[in-house]
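Comments concern the structure below.
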Amino acid sequence: MTVVTDVADLQALAKRRVPKMFYDYADTGSWTQSTYHENEAALQRQKLRQRVARNIDNRSVKTTMIGQDVAMPVALAPVGLTGMQHADGEILAAQAAEEFGVPFTLSTMSICSIEDVAENTKSPFWFQLYVMRDRGFSERLMQRAHTAGCSALVLTLDLQVLGQRHRDLKNGLSAPPKPKPLVLADLALKPRWCWNMLKTGRRQFGNIHGHVSGVDDMSSLAEWTNSQFDPSLDWSSVEWVKKHWDRKLILKGINDVEDAKIAADIGADAIVVSNHGGRQLDGALASYEVLGDIVDAVGDRIEVHFDGGIRSGQDIFKAVAMGAHSTYIGRAFIYGLGAMGKDGVTKVLEILHKELDVTMGLCGETDIANVGRHNLVL
Ligand code: FNR
């Protein structure tokens, strides 16, 4: 039995347990995957200043995100098809996040619906919106999220057209899945996953099934996305969303100082510095490379959140030290979920919390609020 000590252990376990088609969907970037790999590498390159003989008793990594108390500066990022990593994946991840005290964000492209998650959790979660060509549908999605009590809308701006991910095409990722023969054979090796899926029988996209035509039989996820998502989305569309949503609004997918300034002018509550985990514009700067400039430009006007490449508490510490108010994890929690279901997500949160707390202490800090660029070797 493997002793799980870090996120990489859970990733290895997930690779063994999750069908290749869905594991690959998570562990991939677009085109040459340079931005995907660079997200992690940029964080790795950042060195920390070790400080000693400072009283580091009584440490706290508690903070807030858009006014909400959180156990540490981490939220679960929206991840499409989470329910294919493990049956009921969105519900299980939301429950783990709720119990740990960090926000969970439900993707538009989820298997479990907004209502499924609301019925199985107690505290409000966040909903991520993709604006579709059919604006009426997007409006109804916002209404459903509102009715379900979602406290924040995370509007994703970096996916007007889909960055090609070669592995999804090679594996035959579609809905329903049309796996290639080798991928099908791989299913036979994943009895735990098959058993879980059989128990719940969830197979469809909960938020869009029955609401958007073609979703039950799409030739490929990529083709369907490109036919449904609105490529004409612009800043006036963001204003349109703002008009239809009277709670907190977070703009996700900002990777440029000029865009960050516009987002701040629009009056959102937070932005997420993100390149979609390297799944969209291959060749874009790593999120960590642009974080500092964006914080300097708008950090005094708007909460600057960060994602891309976080696999450890050290990574979270670096992002916060660079000026991020808070961070999100995508693949890290997905690997935990694929490996061990809800317990795996909890395990990831525990690992990150411990790594963050110890790193903070070894940098001579006791309160996450005091962490800053003085902790970095710049
Ligand atoms: C994503 N991401 C994403 N973002 C979003 O706004 N809506 C979505 O539906 C999805 N779907 C999705 C699926 C998968 C499998 C991954 C890995 C990512 C992007 C996600 O929210 C986040 O920006 C990245 O995952 C952050 O990078 P790391 O933490 O995965 O390195």
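Each residue, glycine too, has its Cβ placed from N, Cα and C.
Heads up, TrEMBL stuff is auto-annotated, nobody curated it.
What TrEMBL says about this protein:
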type     : residues                                                                : note
DOMAIN   : 1-378                                                                   : domain 'FMN hydroxy acid dehydrogenase'
BINDING  : TYR25, ARG165, HIS276, ARG279                                           : glyoxylate binding site
BINDING  : 78-80, SER107, GLN128, TYR130, THR156, LYS252, SER274, 307-311, 330-331 : FMN binding site
ACT_SITE : HIS276                                                                  : active site, proton acceptor
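PRO78 (FMN binding site) is 14 Å away from TYR25 (glyoxylate binding site) when you measure Cα to Cα.
Checking the binding-site residues GLY80, THR156, ARG165, HIS276, GLY330 against ligand 1, the ones with a C-beta less than 6 Å from an atom of that molecule are GLY80, THR156, HIS276, GLY330.
Comparing Cα positions, THR156 (FMN binding site) lies closest to HIS276 out of the binding-site residues ARG165, HIS276, ARG279. Non-local contacts of GLY308 (FMN binding site) by the CB criterion (under 8 A, 6+ apart in sequence, same chain) comprise ASN39, VAL273, SER274, ASN275, GLY277, GLY278, ALA286, SER287, TYR288. Looking only at the binding-site residues ARG165, HIS276, ARG279, the one with its C-alpha closest to ILE310 (FMN binding site) is HIS276. In this structure the C-alpha atoms belonging to ARG279 (glyoxylate binding site) and PRO78 (FMN binding site) are separated by 13 Å. Least packed by the Cβ count within 10 Å, out of the binding-site residues PRO78, GLY330, is GLY330.
For the pair formed by GLY80 (FMN binding site) and ARG165 (glyoxylate binding site), distance between Cα atoms is given as 14 Å, rounded to the nearest Å.
Under 8 Å, Cβ to Cβ, and six or more positions away along its own chain, GLN128 (FMN binding site) finds PRO78, THR105, LEU106, SER107, THR108, LEU153, VAL154, LEU155, THR156, LYS252. A simple Cβ count within 10 Å picks out one of the binding-site residues ARG165, HIS276, ARG279 as the most packed, and that one is HIS276. Of the recorded residues, ARG165 (glyoxylate binding site) and GLY330 (FMN binding site) place their C-alpha atoms 17 Å from one another. In this entry, glyoxylate is bound by TYR25, ARG165, HIS276, ARG279, whose most widely separated C-alpha atoms sit 13 angstrom apart.
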